Amino acid sequence: MKNLYKLSGLFFFLILLLSSCGFKDIDKRSFVVGIGIDQLEQEQEGYEVTLKMAYPASETKELGNQFQLISAKGSTIAEAIRFIKAKVGNELDFGHMKMIIIGEKILTKDIEKTMDWFTRRRDIQQIALLSVGKPDAKTILSVKPKGERLPSNKLFMFFDETGTESPYVTTKFLYEFRRDLVERGMDGYLPIVESEEDNFSITTMAVIKKGEKPLILNKKETKVFNILKKSYDKESLKVNAQDQFFMLAVDSLNTSYRIKDSKKPKIKFKVDVEGTIEESKVKLRKGKLDKYNKLTEETFKKDIKKLLQKFQDTNIDPIGFGLRYRAMHTGPEKKKWKNWKDLYPEIDINVQVNAEITGTGIIE
Amino acid sequence: MSRYFYYLVILNMLANVVALVPSILIEGRLNGTVSSLMIAIVITLIYCFVFTNSMLKFPGKGQPEIIKAYMPQWFSTVYLFLLGVLYFFSTWFVLLSFIDITKRFINPELPTLYITILFLAIICPGALMGTEKTLYALEIVLIISLPLIIGIFLKAYINEHLNWDAIRIVFTHSFDAPSIDMIGAASYSLLGFYYISIYNRVLKHRLKRLGLWRLVLIGIAGVVNIFTSLLIPIGVNGVDGAGHYIYPWFSTADTMRIEFGFIERVLFIFLLLYIGISMISATITCHIGLEHVKSIFPEIKWKEIKIIPLIVVTLFSLGSILGYFLLSQIQVYELAKVFFTLLLFAGAFSCAVLLYVVRRSKQK
């Protein structure tokens, strides 16, 4: 009996050894940290794929500059990657790829087709960060910011909220973007990254709907959008009206919306904001806080309404009103979706802002 | 009250949360899943109450002994053999889906045959162990993995990118007509109490009677478990997008991240935990199947080794290896649906048989 166990143990151990061909040593791998997808200029079909590869090193000094950019052209992403494989001696490892940059021009193409490769591959993280590169992805990947510990680390820090937290930066993970592309009633959006010599600048964003031209939001709209979508509260609001000019540092911010389904359907968007005054160009009076509240509410309400109406006019819905509508009604999904598509361009949008200024800072 | 009984029930819940059951449930997410789930839970709890309490009337005895003592010979032979085959089938489904998952997510270059043999090398010796020893193995695996799995489930719920509107859409279809496929699949995850048919041998005097309150507790755990397994993938991947994934739960695990954990991608932790859970679940079902089949054959010894279990296990191994090569993924999926539905009726039958046996034992 004992012999039998030993024999079988040996047998299975030998089998384990046989499987070693699946693994390759670390020094024979190049770790892809970022990928850029650009459109080819001459032809209509096809992509130019750029990979940013980091090399494993023994010391942990500043390694931000130690990378290699290799690009190749192909009719599909997979084909371009095959060409890149022929240019690198090492095995490509996508397991650490956290940054996907899509060239601005790709957005006008059928974006779903482009994204297919990313969701199908098992070794690509679904938590990779997505963004749009302006003017193209290759430029963004080739930026060498100062003080970067690992290649592409600066970009990760922008988006995953472990580093900077800016009201202009929108974060989108790969799985979320894919979800939004497929979901009826919610459209996707991506931050736009621009390069400024040795640095990045992320202040705008693009709202993307399958099969349609993307809607590019400017700085102010991006900021308002982040407030609406994420209830982003590390924020300051500029109030400039009636010979008053002050900045409000937001302490807490809550947004919620409801779709009222009465005879005349309307979207009720409610924003509660609380904060202190951070900077003012005119002298402020303590007794006049009520007035300042009102001014804030008015300014803010105008901005929000403008943005929501812009979405409505272009028939784009990144907030997810359509999804909420579907969640509120029973019946077959097709019918609900059709109803919503008819309803959205005409629905009333009602914005309500409650501002509460708790103080004027440590001076009056 | 013995904790081992709960271990068995919990094991079956966890083991079926990831592979085939959620795929079947998610496929019908817009066609009365919720009503099917509720029906499934009620039916299974009735089975659980009847079956467990009938078994507990015979302390220290397994189902084969009971059936053999009170039923005619031809019936017990056929009945026990069929039951054994059913248990082997459920082992086979766990094994098949995990081979496929290993190939897809861990190492696609590893030949299928090696993976199969590797897994069988763990499952088969495990199943040949004594009944009590398999319980101890189960306890070790559960103590290690249960807290982490619960942690991952909780993390999924508090994920800010979880889309609750998508989840609510599933509930707008609560009152759609249920389907038998989904009832079968949902009830399958609650069938852990059947394991008592063999484990009753070692649970003697530890477990007296399954009271109503304990049944309710099991029911609550089952409801939470099955709804988690259905709703989280929908919330993460979207109500329209969730159906695109072959293994929804592994794709969902890949969307979770622990920024400051040792491993950022939860997928790998999840895979590791589920290899453990699946292996022990396969071992235990294989052990039960083996005990059932063994009981209908006379004991044959060759050099003091009981030969029947070895033959049965070898046949099962060969069958699983052949099964993987003969059936495609889609055929397995369809087969699983039929199997789960069949179990619904098999459950009613085996409860009836046991009730009859209890009556006869009282008459004697």
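Note: Cβ is positioned from N, Cα and C throughout, glycine not excepted.
Taken from TrEMBL, the feature transmembrane segment covers B:5-25, B:37-56, B:77-99, B:111-128, B:135-158, B:178-199, B:211-232, B:266-286, B:307-327, B:339-358.
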Distant-in-sequence neighbours of the transmembrane segment (B:77-99), which means Cβ under 8 A and at least six residues beyond its ends: 15, 19-20, 63-64, 67-68, 71, 112, 115-116, 119-120, 123, 197, 247, 274-275, 278-279, 281-282, 285-286, 288-293, 295-296, 316, 319-320, 323-324, 332, 336, 339, 343, 346, 350, 353
CB contact flag for the transmembrane segment (B:178-199) and the transmembrane segment (B:5-25), at least three pairs under 8 A: yes
Winner by Cβ pairs under 8 Å against the transmembrane segment (B:111-128), considering only B:5-25, B:135-158, B:211-232, B:266-286, B:339-358: B:266-286
Remote residues contacting the transmembrane segment (B:135-158) - C-beta distance under 8 A, at least 6 residues beyond either end: 4, 7-8, 10-11, 14, 126, 129, 199, 202, 228, 232, 236, 252-253, 256, 258, 266, 269-270, 273, 276-277, 279-280, 283-284
Sequence-remote partners of the transmembrane segment (B:339-358) [C-beta within less than 8 Å, at least six residues beyond its ends]: 21, 24, 43-44, 47, 50-51, 54-55, 57, 63, 66-67, 70-71, 79, 83, 86, 89-90, 93, 180-181, 183-185, 187-188, 191, 194
